[in-house]
Every structure is written in structure tokens, then in C-alpha cells.
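Swiss-Prot annotations:
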| type | residues | note |
| --- | --- | --- |
| SIGNAL | 1-23 | signal peptide |
| MOD_RES | Gln24 | pyrrolidone carboxylic acid |
| CARBOHYD | Asn39 | N-linked glycosylation site |
| CARBOHYD | Asn106 | N-linked glycosylation site |
| CARBOHYD | Asn107 | N-linked glycosylation site |
Amino acid sequence: MNYTTICLAFQLCVIFCSSGYYCQAMFFKEIEDLKEYFNASNPDVADGGPLFLDILKNWREESDKKIIQSQIVSFYLKLFENFKDNQIIQRSMDTIKEDMLVRFFNNSSSKLEDFLKLIRIPVNDLQVQRKAINELIKVMNDLSPRSNLRKRKRSHSLFRGRRASK
């Protein structure tokens, strides 16, 4: 490696690190702006305990935690939607919403679109209710753990294989 390559690599590292730090600093600034707007640092906010943090502590497995996180993300999206016309905090909400969705959906726009589509489904619509009930069996089957079924099939076929070889 020559001197120019090393200098270029070093400069890129400095640029990427500082931009990441800048993004993180902006993220925290926007949260502080929202805390100030909602007066969320006031001592009475602690009354009744945390809203989400205790629940998150109870769910340890990554797949289980995603379920709870999806409900929490849904809550924040609804909260941000309620204040979408508020120009004072609009930029802060947009920044945090964008970062939250990137973190939760790992930059997958199709997952994000599906998630947003789901939370916007009107529950009081009769046609939606009918479709939901019609799809209920398939949804329930999809909720069933498939790993146990595969294990049973595999052990069953192994058992047959041993029996046949005798």
C-alpha cells in the first residue's frame, strides 16, 4: 500500500465516523426537542411506572421481542400521526420516525410498507371484518410453530427408516 492509499483510507474512516456521530447527535437532539415540547422530563411522568420498558424486559428471546417491538413501533407511529400537523415538532417526529423504521425494518422498504398497510386497516369496516374472519384459519395456521412439525416428520421418517432396515 502506498502513502496516498493510506491517507485516502484514513480520510474515509474519519468522514464515515464523523457522519455517524453527527447522525446520532441529531437523533438525540430531536428526542430532546420532543421531550421539551411534551414536557416529558417533568417528575410526574414517572407516576405509574414505565410505559414500555418493563414489558420489553420481560421478553428476552429475539423473535418474541420483535412481537412486542412491533406493537410499540405501531404506538409511536400513531402518536406521530396525531401530531402530523404540528409544525413545531414535525421535523423532530419525521427524523425519529425515519430512524425508528430503519432500525426496526433493517432498511427493508417492502417490510415497512406491509407494516404501515397493516396498521392502517380500518377495524370498523364491515368488508374488512368479513375478509379478516374469512382469512382467520390461514392466519392461525401461520401462527403455529412449524419447527415442531418438521421435527416430528423428521423423527417419524427416521423411525420408519430404522424399522425398514431390520
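Quick reminder: no glycine exception, Cβ is built from N, Cα and C everywhere.
Sequence features, as recorded in Swiss-Prot, placed on the structure.
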residue : record                      : DSSP class
Gln24   : pyrrolidone carboxylic acid : helix
Asn39   : N-linked glycosylation site : coil
Asn106  : N-linked glycosylation site : coil
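Rounded to a whole number, the C-alpha distance linking Asn107 (N-linked glycosylation site) with Gln24 (pyrrolidone carboxylic acid) is 17 angstrom. Note: the Cα of Asn106 (N-linked glycosylation site) and the Cα of Asn39 (N-linked glycosylation site) are spaced 31 Å from each other. Of the recorded residues, Asn39 (N-linked glycosylation site) and Gln24 (pyrrolidone carboxylic acid) place their C-alpha atoms 22 Å from one another. All protein chains considered, the CB of Asn107 (N-linked glycosylation site) has 9 other CB atoms within 10 Å.
Every protein chain considered, the tally of other Cβ atoms within 10 Å of the Cβ of Asn106 (N-linked glycosylation site) stands at 9. Taking all protein chains in view, 9 other C-beta atoms sit within 10 angstroms of the C-beta of Asn39 (N-linked glycosylation site). There are 11 other Cβ atoms within 10 Å of the Cβ belonging to Gln24 (pyrrolidone carboxylic acid).
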